[in-house]
Amino acid sequence: MEGPAPRVLVLAVGNESRGDDALGPLLARRLEELDLPGVRVLADFQLQVEHALEMDGAARVLFVDAARGLAGPFSLAPVAPAAGRTAFSHALAPAAVLAVFEQVLGRPAPPAWVLGVAGESFELGEGLSPQSAAAAEQAWALLQRLLARAADWDSELTAR
Amino acid sequence: MSFELETAENRENLRRVAIEPVSRVEGHGKVTLLIDEHDQVREARLHIVEFRGFEVFIQGRPYWEVPVMVQRLCGICPVSHHLAAAKALDIAVGAAPVTASAEKLRRLMHYGQILQSHALHFFHLSSPDLLFGFESDVARRNIVGVAAAHPEVARQGVLLRKFGQEVIRATAGKKVHGTGAVPGGMNRHLSAEDHALLSRDIHQIVDWSRAAVELVKRLHRADPALYDVFGTFDSGFMSLVRSDGAMDLYHGDLRFRDAQGRILRDHVPDQDYHEVISEEVKPWSYMKFPFLNDLGPEAGWYKVGPLARVQNCDFIPTPLAEAERREFVDYGQGRPIHASLAYHWARMIEMLHAAEVIRGLLDDPDLMSGALLTEGAHRREGVGIIEAPRGTLIHHYRIGEDDLVTMCNLIVSTTHNNQAMNSAVREVAKRYLSGRTLTEGLLNHIEVAIRAYDPCLSCATHALGQMPLVVELAGPDGTVHDRVVRD
């Protein structure tokens, strides 16, 4: 017998072999090991259109990704659906995946947030930079708080 | 050597327009145009920052790790690298051919990859341009705009993509970092549960793929003046072809045709690719320019990918796609079709073929039973070639006595199409941009031409905030007069 559908979907993106791009999948793996009830964790290289279908049934969605140009170790910000296509890339931004959800499934996308973790070096074959390893620990503490009491996400917003 | 519009004279006196992603981490494509005082395009170049350092990343690793590691090269087509590496290393472990079950499982995985990649490209990346027009409101030119105007088309595109991903998961073990193919074969059968899941949906997938071919044909018929002319230029073709001349995207020998469709080279074994292909280096581009040795760099370059494959083979070995191939060839009235936008038509024919192949394979009991691994006398070198979604992909390895990789050479599809994409950019710039004040819509013509080839410019990293596109208009002295940033 399957249990109730997980209410929170964590969608982590990044490539473990490209330096700080590994932040998303590394945090996803730690979350999977916790095996929290009501939390489903997915990790992929990049966001694509079919990820919109993975959000079906989720009460909220948290995107986790490496990010450049942050003022601090991480940022947490709500994200709304917005259509978009990059000029030379096959990947989608979180807002675009939410927009695909609304258009394909015909109803509002679940509330979503983006947890960006500060990355600075993305070279092939590198490990995490020391700064990003430290940022990952702070993001990990936030992730645990968020997923323990999901109703209070708004109070955790740190978007700058 | 240099092609028309490749290098202008008196470059210092010309204005420069760059279509350029800010970051080099993912946005690897950049177009530069040099324009004279009469707005005439004098030089047009597509620069692609190739993934450098990947060969070094692989060298020194145990050969059996390679099929998994190479998936980290590309977040778009990891399965193609996974299978090309496994095929190369089959040779190294004396496992050519692999068992019937292993080959069929790999084919299922590969055609699943073709299906999902072609669906993503047509429905997500290209149909917005084709359905709304190149100069339509930029806010509509995305899949959400398509969904608003053509909801069923957008929905089918997403579900086709999803099905292809499920095929990959079922054969590779998971969607990301799959471990299904190993040197010498496969490490899993298709489960009964996954067989039932895929069998339930495959007939719908075939039907939707047929509808996609019809859609792209309607677009061609509605505006032949555009579709037959836009980005059209002569070149040769290259692809793998089965020994009997059939299209085969998983395995075969190399065939080259010239621009008139005459076969130049046939039945070139995959292990001998380096005897017929060389790569030219140009000072202005990180990416090399491959060519057929027989003709040299000036005349020996070629197109790869769907447009080449559909016209390079003698037939497609599935009935629905073969009927579509015949109609496509007839459209050329005895001459090969070289229009860049015809890539979309050919791509949808291949998507239909992939759906038919998957449907046929699902009836084969070898997917769920039979030997998976074989091995023979080991060699220290192997080449694996596969027709990836965007074209021919070559992996070549040498292995030391300690079983560590000592040499790795990759020629990816986008590299094969480097000269063709540059030619498309120049043709479009000359025909549509020269003499006109540049607008976003006109610059989008350049992007449309490049997108037709479905270049893979994203090498599996994409941190947030990496992808704005910047267009700069600079004077001869380098002063920037105008700058537009598009996220």
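Residue 1 is the first one shown; counting continues down the chain.
Backbone N, Cα and C define each Cβ position, glycine as well.
According to TrEMBL, the protein carries these features:
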- B:Glu55, B:Leu410, B:His462: Mg(2+) binding site (BINDING)
- B:Cys74, B:Cys77, B:Cys456: Ni(2+) binding site (BINDING)
- B:Cys77, B:Cys459: Fe cation binding site (BINDING)
Count the Cβ atoms, other than its own, that fall within 10 Å of the Cβ of B:Cys456 (Ni(2+) binding site), considering every protein chain shown. 28
Least Cβ-packed of the binding-site residues B:Cys74, B:Leu410 (other Cβ atoms within 10 Å) is B:Leu410
Secondary-structure category, per DSSP, in which B:Leu410 (Mg(2+) binding site) falls: strand
Surrounding CB atoms that lie within 10 Å of the CB of B:Cys77 (Ni(2+) binding site), all protein chains: 26
Any same-chain residues 6+ apart from B:Glu55 (Mg(2+) binding site) with CB under 8 Å of its CB? Would you list them in sequence order, or say none? B:Met407, B:Cys408, B:Asn409, B:Leu410
Could you check what DSSP calls B:Glu55 (Mg(2+) binding site) once collapsed to helix, strand or coil? helix
